[in-house]
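Participant: I have a structure I would like to understand better, so I am pasting it below and will then ask my questions one at a time.
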Amino acid sequence: MAATPTHFSVSHDPFSSTSLLNLQTQAIFGPNHSLKTTQLRIPASFRRKATNLQVMASGKTPGLTQEANGVAIDRQNNTDVFDDMKQRFLAFKKLKYMDDFEHYKNLADAQAPKFLVIACADSRVCPSAVLGFQPGDAFTVRNIANLVPPYESGPTETKAALEFSVNTLNVENILVIGHSRCGGIQALMKMEDEGDSRSFIHNWVVVGKKAKESTKAVASNLHFDHQCQHCEKASINHSLERLLGYPWIEEKVRQGSLSLHGGYYNFVDCTFEKWTVDYAASRGKKKEGSGIAVKDRSVWS
């Protein structure tokens, strides 16, 4: 059963198609949206407190019975979570898998995604939910702050995914997606240059140090939240620039068989910005050491 497409209004960049992405800070708060009613779940910790009060009021002696009640409540809460998950899976099987059985049967034999998506691990920004990717559409990598490490650095799961998707799956597009209020970017902006080297988070987000430096150079007078928003977008472009440092990626981009794109999802006002790397114009900027050029910028709102 084909889903009815959602229509968006698209406004195109009024500037030259090869101009650099305008990274100026935009308003954080957008229009109000209607609220969706959700089912209230009472946390297990609150239920335990209520149970304790009931025991005290009834005059019963706290002990093994009280402890057993707490364990039972925890188990019930855990069961509720997986019951919900089970129902979502069964709904998927009935409404999608069985309704498009031939497609899923073909996917069981092979995959041929058109996109490699590099997105943040943040639970609020699932690219499949936000952009409607279906199984088989996009090979997806998610890490803190949607960063691309330098080609020269050691092996990482992100670099392995790049190699596999580009050289084996032959994806036609790489889309790096950043987002508003990114905790990884906030950690990067707060981080001291000589931070705790034992921290996994520090050792990862330092990959985006160049974006932090460029943000501090042009936006140091702004409020910290606005600096972070600036860095969120700057980091996307620095990751796109890094991708061109992978020889086999740059070769395919040069041949025209692979395109690099940036995206920024603002979940505060539900807008999405998209742009594409202009490789020809970026080559000149690479020689100048001034970053990349972009084209085809649009805002979906």
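From the backbone N, Cα and C atoms, a Cβ is placed for every residue, glycine too.
According to Swiss-Prot, the record shows the following:
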| type | residues | note |
| --- | --- | --- |
| TRANSIT | 1-56 | transit peptide |
| MOD_RES | THR65 | phosphothreonine |
| MOD_RES | SER128 | phosphoserine |
| MOD_RES | CYS231 | S-nitrosocysteine |
Participant: Work through the modified residues one by one (SER128, CYS231) and point out the residue whose CB has the fewest other CB atoms within 10 angstroms.
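Facilitator: SER128, out of the modified residues SER128, CYS231, has the fewest neighbouring Cβ atoms within 10 Å.
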Participant: Cα-Cα, whole number of Å: the residue listed as 'phosphoserine' versus the residue listed as 'S-nitrosocysteine'?
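Facilitator: Cα-Cα distance, the residue listed as 'phosphoserine' to the residue listed as 'S-nitrosocysteine': 24 Å.
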